[in-house]
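Now, the feature entries from TrEMBL:
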type	residues	note
BINDING	A:GLU71, A:ASP87, A:ILE89, A:ASP221	Mg(2+) 1 binding site
BINDING	A:ASP90	Mg(2+) 2 binding site
2 protein chains.
Amino acid sequence: MTDFTREIQLVNQLADVSTEVICQYFRQANIYAETKLADRSSIVTIADRQAEEAMVNILRETVPNDGIIREEGENIPSKNGRYWVLDPIDGTSAFVKGLPVFGTLIGLVDSHQNLPLVGCLNQPILQERWLGITGKIPTLNGKPLENPYAKLTDSQLKDACLTSTTPIMFITQRQQAIAAKLQQVCKRIAFGGDCYNYGSLASGWSSMPMVILESDLKYYDFCALIPILEGVGCIITDWLGNTLNSESTEVLAASNQTLHQQALEVINN
Amino acid sequence: MTDFTREIQLVNQLADVSTEVICQYFRQANIYAETKLADRSSIVTIADRQAEEAMVNILRETVPNDGIIREEGENIPSKNGRYWVLDPIDGTSAFVKGLPVFGTLIGLVDSHQNLPLVGCLNQPILQERWLGITGKIPTLNGKPLENPYAKLTDSQLKDACLTSTTPIMFITQRQQAIAAKLQQVCKRIAFGGDCYNYGSLASGWSSMPMVILESDLKYYDFCALIPILEGVGCIITDWLGNTLNSESTEVLAASNQTLHQQALEVINN
């Protein structure tokens, strides 16, 4: 098995160039922000566009056979089954408000096996970089992550914090009903946070075990997070408990297996 | 008119001691977190209790004639009409999740005139300290704040970001209907952020003008923010456009007068 040295170097290069772009625009007024969707759930700034373009340029030059799945521009097909999955600013809403709890998501996936090989969550303002590599302990700024909740088998939803970026992401009546059911049984409900919530989850930062329930997501919203979370004992699947793939839109993540199982039971009963 | 030198010194002392306590507990597991209210909208950690206690101890010793209105413990009556209004951790939810977008709120108010004299929003982890003094330009870490949106008279809700900490704060049907109306007309809806949203508002950090709509608040949730916001041309009132007082629970804040007026019209028509 490869140690992914070259890929990690490339991931760091992508995180560096996107950091440079994003820091130029963070907390600046009058950056163009265009609403992409009629439901106003998505927004584009110059920072999104330029950060993605900078990453894509490097990839086209360095690994021209790899494909690219991206938030802003057209996807690029792969010649070897490997895809880079890019979200320049996950949490544009926090970015637009000037809150440093958004992130750049960079994933590398082997599409033949639906296997995320490498994942990076980069917070450019706070200079926090999570890196996950399949089969290895993930790191934050090079330091191995520890999730104190990973091995607990007595966690309970009534002692857990449930988080979702926004209630607006629960679109269908079914999704709204499921969110409401889970909200009823958890100790605390907290909105906001976007991908930074997953960084916190992987790092065991929350002062109580955590469950993240989200819907209406795209592949680039979660692909990079998978190796970071799984490498530290967190569980991330779809709402049925299935492995996530490029078509998934409903995501359930939890601090440990016990909590994840309980959440699945609430969702599906 | 006093220049509040002594009060500012005291505010900084309070912000320093609360910082010390909060940094001890931030991102620590197993800090006791007790749910205060049946609706799970509020939570207490050791950090809240100890940070407030540390501030109260200093105030009792330094200004024993001043009263205290506080989130956690019993209020203390004033002998001179002056009250310190304390919220050790506004945004306990973000604190519990390990997100550095909560803050300590320290206000000093002359209750005879319902006049907030001094207000401080302190973010202990990112080491950001906003300070507002009635009649003066507010500062962030000693540097005068600038709000680029303050003087704009052509701002429109359709170009603005609407933010609220959580949809759960809209409790009554009337509140929910008002929130829904305003959400319909704004460009972007963003949840989360707590008092940090107001710090961003005062600093003009958002990349589009911003409106904050909140309800179910207590005096200590907004008192300290008033001199910070008003000193930089932001508007903060209740949902009828009235000056906030210790009984207010519904808060509307905006980047400028034009936007605030438009939001008031949506709310009250």
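All residue numbers here begin at 1 and follow the chain in the order shown.
Including glycine, each Cβ sits where the backbone N, Cα and C put it.
Note that the structure is predicted; figures quoted are calculated from it, not measured.
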Spatial neighbours, same chain, of A:ASP90 (Mg(2+) 2 binding site) - Cβ under 8 Å, 6+ residues apart: A:PHE102, A:GLY103, A:THR104, A:LEU105, A:ASP194, A:CYS195, A:TYR220, A:ASP221
A:ILE89 (Mg(2+) 1 binding site): tally of other CB atoms within 10 A of its CB: 31
Greatest C-beta neighbour count within 10 angstroms, which of the binding-site residues A:GLU71, A:ASP87: A:ASP87
Sorted by sequence, non-A:GLU71, A:ASP87, A:ILE89, A:ASP221 residues with Cβ within 8 Å of centre, Mg(2+) 1: A:ASP48, A:LEU86, A:PRO88, A:ASP90, A:THR92, A:THR104, A:LEU105, A:CYS195, A:LYS218, A:TYR220
